[in-house]
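Feature annotations, reproduced from TrEMBL:
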- 81-88: disulfide bond (DISULFID)
- 93-99: disulfide bond (DISULFID)
């Protein structure tokens, strides 16, 4: 089934299912514009049935609704984009406001979410490339993500211990939250 793009005053969501329960809520506390983006790439394979994009001016927020049973969800921030949300200086992707690659080409830190089992969603921050040979992803925007009673900060490449640094670096870095959790993703906390 192909995705349906919904254009509203609260952003652009693409989805194939109306069971929407988890909510990454993006907040821009930066003194510059941020274009949050999201997509689905289970096992590193982009799936455009689920994707998100929005333009946040300083001091604004927007939420993305995701079916709790999705896997491979990734979200990240972009900066220096043109009026169409494309040609970004950091966090660039294939596409424009809506990315077609689920952040695989972004080169920046990702927040990742996926259905685990029962009533849990697993989530984390990642600076890891797709393979051990890939360089670590860059922290392009200071970031704080909170969900399920856990808060993670990633302020710079040297101050980001909460994030995966390589694909095998998962010791204590995967967190859980109940289905229906709102994840507060704050740029420039």
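Cβ from N, Cα, C; glycine included.
Less than 8 angstroms from the CB of residue 81 (disulfide bond) sit 33, 35, 55, 87, 88, 89, each of them six or more residues away in the same chain.
Following the DSSP three-state reduction, the secondary structure of residue 93 (disulfide bond) is coil. According to its DSSP assignment, residue 99 (disulfide bond) is in a strand.
Residue 88 (disulfide bond) falls within neither a helix nor a strand when secondary structure is assigned with DSSP, and so counts as coil. The local packing around residue 99 (disulfide bond), expressed as other Cβ atoms within 10 Å of its Cβ over all shown chains, amounts to 30. Listed in sequence order, the residues of the same chain lying 6 or more apart from residue 93 (disulfide bond) and placing their CB within less than 8 Å of its CB are 37, 78, 99, 100, 101, 103, 105, 106. All chains included, 21 other C-beta atoms sit within 10 angstroms of the C-beta of residue 88 (disulfide bond).
Residue 81 (disulfide bond) falls within neither a helix nor a strand when secondary structure is assigned with DSSP, and so counts as coil.
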